Amino acid sequence: MAFGFTAVETLPVGVLPLLEAGLHVSPARAGLLVTAYGTTVVLATMPLTLVATRLPRRPLILTLLAILIVSTFGSALAPGYAALFGARVVTALAQAMFWPVVAPLAAGLFPLERRGQATAVVFTGGSLGPMLGVPLGTWIGQQAGWRFAFATIAGLELIALAAAFFAVPAAPAHAGHSERGSHPSRAQYVQVLVITALTTAGLYAVFTYTASFLTAVAALPAAAISPILIVRGIGDLGGTLAGGYLSDRHERLGVLATVTLFPVSLVGLYLFGDQAAAAVALLVLTGVAIGSSIPVLSNRVMRIAPGSIEIAGAGNAVAFNVGIGLGSALGAATVARAGIRDTALTGAVLAALGLLVAVFSVARYAVARADQSGL
């Protein structure tokens, strides 16, 4: 299920040059297809989640997947930039309801001490989108055009819908809505949202232009993009599984370790991105960073949710997509004013700010727990 949303969300990353040529738009304008997606999710997630809490889970999830399929086929058939833009907005509206509902639903099937691993299982499907969907879509796009890439992803989404019909359990409206975090803290929750937004923005400032970075900066052939994205996706998947393990056993270490990977990998891309081997290795490291951070920070949100876990998860989804929109917009501005390589520097600055907030948050949490233990 999650595969379809992440695959279609990130597909433009692999076919951006094809979109530029096919739609006769600039790289910055093509990048706005990613920005608009994130912006739509930001604006729609909270109100749509409030609606979703009143709806039975199974029919809701199946309906959202059906909307995903129709809008993805719509992207494939879009006659121009405006139509493609509109189709992606519809997809984003479906995603705005999907993540805040499905993650708590899955996590609620497991005991509290295993929620991190349960969350990781959910997001493993999301990791497969960049890992398999984007490279596959990139290769198909290079062979047959970007429209066939979207159509292929839509076909895979049909299979996911059939699987979901048998796999998604029935759950009533308000399932999990009244449940709070086990250690509710409004201040810690806000800090996690800031961390999520800044690290995601840092990544997407450069990730949006991955294809262009690899060809223009690392001087790799276009044919190498697809296999490189597969390797990066493997890093993403490995990071997701490792993040689930860390969040259950060493939560604070997991937060610091995963967030640190963002500025380290992005600084490396800026300094060594013109060396092909280094560029590929560091790109894989960005996959490990985002893959591990999602279950770690999502599980953290469920632990410290000051109110409803679903609403808190919606807030985290908003923060994630604020990061996507902010990062891709700043990336577009960087490309227009400086160049592709400098997107890594822009991303590194944003990610470093996220790391500073993470260090502050973990330190404050440790002090608060020590004070409570002394009472």
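Cβ atoms here come from the backbone N, Cα and C positions, even for glycine.
Feature transmembrane segment, per TrEMBL, maps to range 253-272 of the set 233-252, 253-272. Proximity of distant same-chain residues to the transmembrane segment (30-53), defined by a Cβ-Cβ separation under 8 Å and at least 6 residues beyond the stretch ends, is recorded for 9, 12-13, 16, 19-20, 23, 60, 84-85, 88-89, 91-93, 95-97, 99-101, 173-174, 177, 204, 208-209, 308, 310-311, 313-315, 317-318, 321-326, 328-329, 331-332, 335. For the transmembrane segment (253-272), the partner stretch with the most Cβ pairs below 8 Å, chosen from 60-84, 146-168, 278-297, 318-338, 344-367, is 278-297.
A Cβ distance under 8 Å defines the sequence-distant neighbours of the transmembrane segment (278-297), meaning residues of its chain 6+ beyond its ends; these are 116, 119-120, 123, 126-127, 130, 192, 195-196, 199-200, 203, 206-207, 210, 213-214, 217-218, 220, 228, 231-240, 242-244, 246-247, 251, 254-255, 257-259, 261-262, 264-266, 268-269, 272, 316.
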